[in-house]
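Novice: I'd like to ask some things about the structure below.
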Amino acid sequence: MAGTICFIMWVLFITDTVWSRSVRQVYEVHDSDDWTIHDFECPMECFCPPSFPTALYCENRGLKEIPAIPSRIWYLYLQNNLIETIPEKPFENATQLRWINLNKNKITNYGIEKGALSQLKKLLFLFLEDNELEEVPSPLPRSLEQLQLARNKVSRIPQGTFSNLENLTLLDLQNNKLVDNAFQRDTFKGLKNLMQLNMAKNALRNMPPRLPANTMQLFLDNNSIEGIPENYFNVIPKVAFLRLNHNKLSDEGLPSRGFDVSSILDLQLSHNQLTKVPRISAHLQHLHLDHNKIKSVNVSVICPSPSMLPAERDSFSYGPHLRYLRLDGNEIKPPIPMALMTCFRLLQAVII
């Protein structure tokens, strides 16, 4: 029970690390010098709540153009409109913007005027989900910490797109049209602080190359990935949450050491083509292997031997840390091998 609580706290810590710095900056006390308290100009197309003078609500209004943004605005909500372009002019005075939501519009790359976004020197959050983008927009402000581009038509990432985005911690590219040739060896160069990368629901057949070294959460579900190169995880030594559900991974496509990577705490390999349980690290806590083609569990292969346990033996006095194991949807039949329970003494749930 204590171990599960520790794991949950660790998950919360990681999530907080990705979000909290941005959230603190977004919700910090506003400096009265940033805007004049008597200046409550509000575009007629939008709503400016008196109790929240730094927010501008223009969502769900059938807008085709972005109105002029007053200088006091920090939070801009323009989602669910008919906007096709992002010109520079409406943002001329919007020097304090931290948050822009442009989800569910009709924005194309050709419609984004160069400099329109990069001029926003304090912008932290940019939401452009459910638009018509075919490549990651550029240039973007160096200050940006979260970029949400899910459900577009992105198939290209121009060279140098991320070169100045050293503050970016979260990049969401799920449900786009990315294929393997969208990536070069230096595609992610510049993302020194990226912690969460989501490229689920694309058309990848290979693992993306040279990911940022600080990546902790990597989501690649619902692609067509067939294999993982040897030593692939050496480049991302901090990865803790790895999701590869709904791919085409086979036993032959895995590295020789499997997933024996000490940083990985949560590993999801559901709905693949595995016939064996891969090697895992003694640190791993959650393992999802449901809906594969596994017929039996060879405990002697997957159980870390005493020599494989980390030097910090106190935390491993009860053996490996595995607590949750899903094996349902395979060809395994009960009962659970007793050797499995003997090896993984902290197991709290096994689903067959």
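Heads up, the Cβ atoms here are built off N, Cα and C, so glycines get one too.
For reference, Swiss-Prot lists these features for the protein:
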type	residues	note
DISULFID	CYS42-CYS48	disulfide bond
DISULFID	CYS46-CYS58	disulfide bond
DISULFID	CYS303-CYS343	disulfide bond
REPEAT	72-93	repeat 'LRR 1'
REPEAT	193-213	repeat 'LRR 6'
SIGNAL	1-20	signal peptide
Novice: Do me a favour and check the Cα-Cα span between CYS58 (disulfide bond) and CYS48 (disulfide bond); whole Å is fine.
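Specialist: Distance (Cα to Cα, whole Å): 9 Å.
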Novice: Who sits close to CYS42 (disulfide bond): which same-chain residues at least 6 apart have their Cβ under 8 Å from its Cβ?
Specialist: CYS48, LEU56, PRO70
Novice: What is the number of residues in the repeat 'LRR 6' (193-213) that are helix, strand and coil, as DSSP sees it?
Specialist: 0 helix, 4 strand, 17 coil
Novice: Cα of CYS343 (disulfide bond) to Cα of CYS46 (disulfide bond): how many Å, rounded?
Specialist: 62
Novice: According to DSSP, which kind of secondary structure is CYS343 (disulfide bond) found in, if we only use helix, strand and coil?
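Specialist: Reduced to three states, the DSSP call for CYS343 (disulfide bond) is helix.
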Novice: Taking only the Cα atoms, work out how far CYS46 (disulfide bond) lies from CYS303 (disulfide bond), in Å, as a whole number.
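Specialist: Approximately 60 Å lies between the Cα of CYS46 (disulfide bond) and that of CYS303 (disulfide bond).
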